[in-house]
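**Q** Summarising the annotation, Swiss-Prot assigns active site, proton donor to His320. The Ni(2+) 1 binding site annotation in Swiss-Prot covers His134, His136, Lys217, Asp360 and is backed by sequence analysis. Taken from Swiss-Prot, the feature Ni(2+) 2 binding site applies to Lys217, His246, His272, supported by sequence analysis. Annotated substrate binding site per Swiss-Prot: His219, in sequence order, evidence recorded as sequence analysis. Swiss-Prot lists 129-571 with the feature domain 'Urease'. What Swiss-Prot records for Lys217 is N6-carboxylysine, and it gives sequence analysis as the kind of evidence.
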Amino acid sequence: MVKISRQAYAEMFGPTTGDRVRLADTGLVIEVEKDFTIYGEEVKFGGGKVIRDGMGQSQRMAKDCVDTVITNALIVDHWGIVKADIGLKGGRIAAIGKAGNPDIQPGVTIVVGPGTEVIAGEGMIVTAGGIDTHIHFICPQQIEEALMSGVTTMIGGGTGPATGTFATTVTPGPWYMERMLQAIEAYPMNIGLLGKGNASQQAPILEQVEAGAIGLKLHEDWGTTPAAIDTCLSVADATDTQVAIHTDTLNEAGFVEATIAAFKGRTIHTYHTEGAGGGHAPDIIKVCGEANVLPSSTNPTRPYTVNTLDEHLDMLMVCHHLDPAIAEDIAFAESRIRRETIAAEDILHDLGAFSMISSDSQAMGRVGEVIIRTWQTAHKMAAQRGKLPGDPNDARGGHDNFRVKRYIAKYTINPALTHGIAHEVGSIEVGKWADLVLWRPACFGVKPSLILKGGMIAAAAMGDPNASIPTPQPVHYRPMFASAGGALHKSSLTFVSQAALAANVGERYGLAKTLSAVRGTRTVSKRDMVHNDWQPHVTVDPETYQVVADGQLLMCDPATELPMAQRYFLF
């Protein structure tokens, strides 16, 4: 039997079972749990390699083969960290296993044929496309920025640079819903829109759901009173749509207890649950312990650093149309920015009490930094708090597989479950839409190499188009063919409500993208949040703002230096 060293094998085919990989320049290390390929039967494309006619490529018709195979990829997902070939067909994930030619190779579960394209995954990490559930659609250029960061699904609301959209993620009314659904046809991104949920009568809310909204947004700037909360959730229950809420910072219509009471145990997604982005001051953070609350953070407070507090005050004044000359507006802003609750937010993420991370794009958050900020938070917590239970600390330094699974779930499967789109996206699983992101380990979470939408490359880091090879400078992110023409419409989804799909909004509005209805939003609960389902009893001292969870005081120092930062963005 011919043997090969681990180093040589990894250099040729990528890491295998037991090998460890560092993520970017963080302190996070993952270990390959399983290898679905077969030693000695690996497939690889190129001159003198395996995927050639009569060798690793079969003679079978396209109907029996995958359209694309990603070879020898290292999959990082909530369900595992494994090495495998990935087969894509018809825009979806067809198989995860062993690719090749079953006529001459054993154990083949992914058939390669003359109709198969190859993407080399050796030495690459593959993740599911990110899902950002807190989007202010202030400008369409956000969409490209998000896509190039590895986000493939955006959920939120807005109409452009209108004052209401600067502050709230709302696409209000049927007319705007139709226009925005038509506008997003131009972009290679899965998108779902939220309507305005602030009303005390059901009819004006219901008509927005029927017009295409996948959910509703309650925002204090429109008046998030207990009556509005109750009415909005009643419509959501009737239509199987989700509600996202930004609660009452000033406690005008009641304190956090009144808001929890208005929920009446019904499922709701709480935005920026720590409170710096808005919500009952100073103790909105305590809702993360409720069984019906699905809590998320926005990325400006991720993670807590020495700069976090200073930048927040200026951002807040702009985003919520506040006047620095008015004392009450200054007091409003200062009530939201609390170092103690921001520090506690880091720890609550690490312990799995906060389930999701999103951006709050151009409205205090950065649309292209959801993934970066998530992994910076994971790194900071690993450095300050050590290994999580379940992650070993052996003579080789151990690995962080469980922590990595916990954090990747925050921007993939958990937002998908929350908003009723997990049947389509949110993980690398057979049958799901093939929205995949390929990363070099050194650039993981920062700069993806390829972004696939619906099984086709939509964006990539590409060199000079006039060069003799693809790699010469300047290399920057450019849209690829899945972002063009009719392929764009076939490669991306528009999410709508079941009521809108039944009302045939696609034909009525002249939409070309594939429409997919959200479902299961009213039965999801905190216990369904993958790796992030802890429900602590949280209290906040009204004078010191100190946060205690299940009797434990939550405190940590701000970071003075972070990975995944300046060294990646010099050019």
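Cβ atoms are placed via backbone N, Cα and C, with glycine included.
What's the neighbourhood like for these features in this structure?
**A** Annotation note: Lys217 (Ni(2+) 1 binding site) sits in a strand segment as assigned by DSSP.
Just so you know, the Cβ of His272 (Ni(2+) 2 binding site) picks up 27 other Cβ atoms within 10 Å once every protein chain is counted.
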**Q** Using an 8 Å cut-off from the Cβ centroid of His134, His136, Lys217, Asp360, can you name the remaining same-chain residues around the Ni(2+) 1 site, in sequence order?
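**A** For the Ni(2+) 1 site, the extra neighbours are Ile135, Gly156, Gly157, Thr168, Thr169, Ala244, His246, Tyr271, Thr298, Ser358, Ser359, Ser361, Ala363, Gly365.
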**Q** Non-local Cβ contacts of Lys217 (Ni(2+) 1 binding site) (under 8 Å, 6 or more apart, same chain)?
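**A** Result: Gly157, Thr168, Thr169, Val170, Leu194, Gly195, Lys196, Gly197, Val243, Ala244, Ile245, His246.
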**Q** Tell me which residues of the chain lie with their Cβ under 8 angstroms from that of His219 (substrate binding site), as long as they are six or more apart in sequence?
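**A** Result: Ala167, Thr168, Thr169, Val170, Asn198, Ile245, His246.
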**Q** If you measure C-alpha to C-alpha, which of His134, His136, Asp360 (binding-site residues) come within 10 angstroms of His272 (Ni(2+) 2 binding site)?
**A** His134, Asp360
**Q** Give me the long-range Cβ neighbours of His136 (Ni(2+) 1 binding site): same chain, 6+ apart, Cβ under 8 Å, in sequence order.
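**A** In sequence order, the residues whose Cβ lies under 8 Å from that of His136 (Ni(2+) 1 binding site) (at least 6 apart) are Gly156, Gly157, Gly158, Thr165, Phe166, Ala167, Thr168, Thr169, Asp360, Ser361, Gln362, Ala363.
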**Q** Find, for the listed binding-site residues His134, His246, Asp360, the residue with the lowest Cβ contact count at a 10 Å cut-off, counting only other Cβ atoms.
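**A** Least crowded of the binding-site residues His134, His246, Asp360, by Cβ count within 10 Å, is His246.
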